[in-house]
Structure formats: structure tokens, C-alpha cells
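Chemist: According to TrEMBL, the record shows the following:
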| type | residues | note |
| --- | --- | --- |
| COMPBIAS | 292-303 | compositional bias 'Polar residues' |
| COMPBIAS | 324-335 | compositional bias 'Polar residues' |
| DOMAIN | 124-240 | domain 'Palmitoyltransferase DHHC' |
| REGION | 292-358 | region 'Disordered' |
| TRANSMEM | 16-37 | transmembrane segment |
| TRANSMEM | 49-68 | transmembrane segment |
| TRANSMEM | 165-183 | transmembrane segment |
| TRANSMEM | 203-225 | transmembrane segment |
Amino acid sequence: MAPSGSRSIKRSCQTVLYWIPVIFITLIVAWSYYAYVVQLCIGKDNSTVVVYLLAYHVVFILFTWTYWQTIFTKPMNPLKEFHLSYSDKELLEREDRGESQQEILRRIAKDLPIYTRTMSGAIRFCDRCQLVKPDRCHHCSVCDKYDSAHGPMVNNCVGFSNYKFFMLFLAYSLLYCIFITATDLQYFIKFWTNGLPDTQAKFHIMFLFFAASMFSVSLASLFVYHCWLVCKNRSTLEAVRAPAFRHGADKNGFSLGLSKNFRQVFGDEMRYWPFPVYSSLGDGCSFPTCLVNQDPEQPTSPGHNPPPNKSHQFPAKPLRESQSRLLNSAPSWTENGGAEDKERRGTSNPAMAIENET
């Protein structure tokens, strides 16, 4: 009982520690709201202040909405096809040699839409969860889930299910800080020229300007970096270590071009791009690739015979409908979706999901 109790206390302490960055950011945002709205704007008989307040609240709502969605959107779970059956588990446990185990895993993976390998060329397998890892998925030691990487400032794994929300969170938080900095600048100048009344509001105005301007710099660098990742279709882990395929590591293995890379994260419908509602293309368990050489272990589509000695641009295994659209040559951005899009638009998160690793 003692070891179990100590583990429970340890997990509780870890949970509290993981939430500290989120609590800190929440307190900073709450104080910034008080400082800007109550101390800076309310009480000033000026039409410009009314415009400031309206614009501020629009940005504030979008900022907090995207932050909420990023934090509380659950990572996606690997589909049941990636889990080993009971018989496969027994067969794998009976084998002592690593090569024999890899033969079993290769047989299982042959029917799965996976193309990545370990750096040594082995099938990516999670011994803890007893499943073949989907492409671009890693076991998170913090969340005990599968996805790309754990984000401390959102206390959640950031991956396929919430990456669009995370990008919007960075964009709106940067816009929030820039807006405060720009509109607070005139009062900040008055502070140093003794043009403000000697009240506590002047100190809120000073610290608000400093905080917003400093956060603007850090958020701008992070936002630009993630924009680059979206354009290249890479996760943070793939930016550090290129994904490995059968033909070797390929840092551009999942890149489909700027337009398609963007649509994979934000979707086809432009009206959903600015809002934290789920519109990404795919299921988070299989991804279109730009393989230089076709994987000989993956079966080709019925009736498809690639010519010899020619590079194969995309995987031959049939893809889900939303992924297949990414491989079309022409973009299909629309402002009004048809009936076939109703199932995927406007939802906060798909039912099936994937999860992240750090």
C-alpha cells in the first residue's frame, strides 16, 4: 500500500507542477485585462477609447478561445488497427531474438499505412502500449499519449488534433500583445513626461507596456518558427531529427508543397481558418508523403502498376478521402462547403485521435 500511495502523491505533485505555466499565463492575462480595461480605458470620456475597447475585446475573445481549445483538445488515439492482437502479442513474447520480432512486426505493418522507420530501419513499435506506432507519432512521457510534442505552456501535447488551434493561439496572442503595446504607447510616453495623474493607474500602464512588448518579441519568434514548420510540413521533432523511411532519412518526406502543407493544417474552407474549430485534413494516423522511392513492402493500389525505375511521388496505399484531396494538383479552397463537408466542419475535435511524445 505504501508504494502505491507514494506513487499517487508523486503523480498529484507532478500534475500540479505541469499546470503551473498555464496558471501563470492565466494570471498574467487576467491582470492585463484589468490593467487595460479598468485602469487604462474605463473612466476616460473619449470616443477613441470606445474603439479601443471594442477592438480589444474582439482580440481578447479570440485569444482566450484558441488558448482554451489548445489546452483542452485531447490528443488523438491510434486506431485499433495499430494495436497488436492477442495472438500477435503472444507470438512476439515467445520470440527472443530481435530479428524474429522484427519479422513479426513487418508482417503486421505490411497492411498499415505507415512509411517511417527507426533510424536503424526497424519498425517503430511501442513496447509499453503494444502497438505499431503510426507515422509522426511518439509516446509522450508527460501525457502518456501519442502525438508530436508536449507543450509546457498549454500542458498538453501539440499535434494533429490541436495544431491549428495552437497556431491560432500564437497568432492571436501576438496580436493581443502588439495591440496593447501600440495603444498603450501614448500613455507610456506621458508617464515619463509626467503627463499622467499621480495614481496607481500609472504603474499599471507602465508595467502593462513592458510586459506586452516583451511578450511580443518572444511570441513573434515562436510564431515565425511554427509558420516555417507549417510551410515545410514538419513537426518540432522532425525539424530536429528528420523522419527515416526505408530509403533513409528525408527531412522533406511529408512535404507536399506550400499550398497543400497549409491546407493539411487549416483545411479547405477559408471561413474556418481564423477560428479554433476543427478543419484539418486527415485522421492523424496516416499521412500523404513525398517518398523518393516506393516502399516495396507496401501493397500497391488495385490496377496501379508504377513504371520501373521511376520515382513514386505519393504512397500507393489508398488514402482516406480527406488525405486524397491533398494529392490533387489544384487547391480546393472554398467559402461554402457542400453536403460532403458537413461531417468535418465546425467540430471542435474528431472522435478518433492521436497522441504525443516528448
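Just so it is clear, glycine is given a Cβ too, placed from its N, Cα and C backbone atoms.
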Chemist: Please list, for the domain 'Palmitoyltransferase DHHC' (124-240), how many residues fall into helix, strand and coil according to DSSP.
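Modeler: Counting residues by DSSP class gives 67 helix, 14 strand, 36 coil.
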Chemist: Counting Cβ pairs closer than 8 Å, which of 49-68, 165-183, 203-225 has the most of them with the transmembrane segment (16-37)?
Modeler: 203-225
